[in-house]
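Engineer: Provided herewith is a single structure, encoded as structure tokens, for subsequent inquiry.
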Ligand code: BES
Ligand code: ZN
């Protein structure tokens, strides 16, 4: 086996060449000044649900000669501004800015500033401050108790243990600006240090390494020595327990869930070792993770040193571990090699999804090829669903899309994940034709772009220079054309065929047939049914339930698909279960399709659904609330 150690020196030697870039989702003056270090000094207030304190931004002015320019989408000529005069503009969403100070040689001086609520910006006047050295700006502020989109505050009754309140963040894609004033673009990477005080006996976790703890004041200290973009800043505060899964891996969660986590993620060290074998040495020292309350809006979030995971992965049979493999993989693709703006999101998620399937294969010594192919087949199926949901001509079904005036959350779907993974599969299998050569390329790509940012053009150029003899690729169709990919792969495996057969047989599926399938296959089978709208009807679904008792499944990947089928054919029997599910679970992968299905298949029920939503939205994550509102208000 080849192991390629990505040494610290190797990466640092590549240098931090500064280049100008474009980001339609940040108004900050990142082409005039760059934040290089961020220090937080914050207090967590559970009485008013705010964070307050200050942030110190160490900002480096850019001089034109240092920058090499690159455009975003080939076909367009972008104007990239980098002359902001004497102003530092930051992204700032509903923050209460109290004062702004300039700090030099321990002297602090007030700076004047304007907040633009509409544009979500904070403009700081630098007057005639020197443009040649790093400047420290200190901003005293507090977050909004009602409009902070990054934070969810839970009362003690909303937690599993019901004893203490809880708070957690979700900054990707552009919510960091509601947590602190910053250059909220993946193109700017900063190290950070933090001091955070919270009430006893709660614990603070952040996306860095804990460096200190003051027991008297319950103050936690953190440090992240690797420069990271704002979307990877994370914080969580709650009454938490932990368990060491290996010398470098610790799982955190509420006490009542710790045993389940211990079992479900017992093999985490093996996953991380397998990832290192493929991608090079793990660069973040510790790999800890927090299993959150069920309202967490994603399956997982790759916050460095402290991944966040949904508790819906706790299936009790380790059948949903692919998500932790995915988040771990982001430690290389995403957190070391980062898309320069959200239009190139596929460089984060497509690579990660592709590598996730590879690692799952590598972990299975006996059946690796099949396992990888079956995982790729599931991804392809999810891609079909996502393309059908948008409509095959929709611009958001392009691998690279435009985000002018669009919140990336509104364009988010599985397309960039699995069209991206399919594209890399095509490059590996059809264009290069050798898995080991492609693995070598991936390692070299990580060395080349690690601790930097890149866009799609950079990737194409690097691929072409690495494989000069490779046959030509239809980049245009893969990258910039909507709909399913230009090439359909055959991922067929026995695992998949078994499901297809059952889904298409004329006689109803029997209990014995169903019991032969593992959890992933059941989910796959339900997907086949969901993707073939015409064949399913109320009788079919009712018969399936009579034969197989679908209520016995507690695996969320199975439940949400089954519920979607029930809504589609108006099968009332499961309505209570569906509302209970929607009350507790906020993971958008499950919740968005259920609301959308109500809207399109069961319009008579919409008044009830709307009342339910209005009653519960105050307990829901702000990110999820916005996405459900979009679906309930849509016209179809
Ligand atoms: N980084 C994403 C989550 C994300 C993406 C949050 C964009 C906000 C904006 C994370 O790595 C992810 O992809 N999560 C997936 C799970 C994965 C196994 C596909 C999810 O939440 O479903
Ligand atoms: Zn991801």
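Note: Cβ is positioned from N, Cα and C throughout, glycine not excepted.
Please treat TrEMBL annotations as automatic predictions, because they have not gone through curation.
The annotation active site, proton acceptor is assigned in TrEMBL to 327. What TrEMBL lists as active site, proton donor is 417. For 170, 171, 172, 297, 298, 299, 300, 301, 302, 587, 588, 589, the entry in TrEMBL reads peptide binding site. What TrEMBL lists as Zn(2+) binding site is 326, 330, 349. Under the heading domain 'Peptidase M1 leukotriene A4 hydrolase/aminopeptidase C-terminal', TrEMBL lists 494-632.
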Engineer: In sequence order, which same-chain residues at least six apart have a C-beta under 8 angstroms from the residue listed as 'active site, proton donor'?
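Structural biologist: Correct list: 346, 349, 350, 352, 353, 379, 382, 383.
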Engineer: Where does the mean pLDDT land for the domain 'Peptidase M1 leukotriene A4 hydrolase/aminopeptidase C-terminal' (494-632)?
Structural biologist: 96
Engineer: Which whole-number value in Å describes the distance between the Cα atoms of residue 330 (Zn(2+) binding site) and residue 302 (peptide binding site)?
Structural biologist: 6
Engineer: If one looks at the chain holding residue 170 (peptide binding site), which residues at least 6 apart in sequence have a CB under 8 angstroms from its CB?
Structural biologist: 150, 152, 234, 296, 297, 298, 301, 308, 621, 623
Engineer: Enumerate in sequence order the recorded positions 170, 172, 300, 327, 349, 588 whose Cβ-atom distance to ligand 2 is under 6 angstroms.
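Structural biologist: Only 349 qualify.
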Engineer: Quick test of your reading of the structure: among the binding-site residues 170, 302, 588, whose CB sits under 6 A from ligand 1?
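Structural biologist: 302, by Cβ distance under 6 Å.
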Engineer: If you draw a 10 Å sphere on the Cβ of residue 349 (Zn(2+) binding site), how many other Cβ atoms land inside?
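Structural biologist: Here the count is 23.
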Engineer: Within 10 Å of residue 326 (Zn(2+) binding site) (Cα to Cα), which of the binding-site residues 172, 300, 302 do you find?
Structural biologist: 300, 302
Engineer: Enter the number of other CB atoms within 10 angstroms of the CB of residue 172 (peptide binding site).
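Structural biologist: Excluding its own Cβ, residue 172 (peptide binding site) sees 27 Cβ atoms within 10 Å.
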Engineer: Around residue 326 (Zn(2+) binding site), how many other C-beta atoms are within 10 angstroms of its C-beta?
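Structural biologist: Its Cβ has 23 other Cβ atoms within 10 Å.
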Engineer: Per DSSP, how many helix, strand and coil residues does the domain 'Peptidase M1 leukotriene A4 hydrolase/aminopeptidase C-terminal' (494-632) have?
Structural biologist: 114 helix, 0 strand, 25 coil
Engineer: For residue 327 (active site, proton acceptor), which of these binding-site residues sit within 10 Å, Cα to Cα: 172, 300, 588?
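Structural biologist: Qualifying among 172, 300, 588: 300.
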Engineer: Take the Cβ of residue 327 (active site, proton acceptor) and count every other Cβ within 10 Å, whichever protein chain it belongs to.
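Structural biologist: Summing over all protein chains shown, residue 327 (active site, proton acceptor) has 24 other Cβ atoms within 10 Å.
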Engineer: In terms of DSSP three-state secondary structure, what is the assignment for residue 302 (peptide binding site)?
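Structural biologist: In the DSSP reduction, residue 302 (peptide binding site) maps to coil.
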Engineer: Please give me the CB contact count at 10 A for residue 300 (peptide binding site), counting all chains in the structure.
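Structural biologist: Excluding its own Cβ, the number within 10 Å is 22.
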Engineer: In which DSSP state, out of helix, strand and coil, do we find residue 330 (Zn(2+) binding site)?
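Structural biologist: Coil, per DSSP.
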Engineer: Starting from the Cβ of residue 298 (peptide binding site), draw a 10 Å sphere and report how many other Cβ atoms land inside it.
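Structural biologist: I count 22 other Cβ atoms within 10 Å of it.
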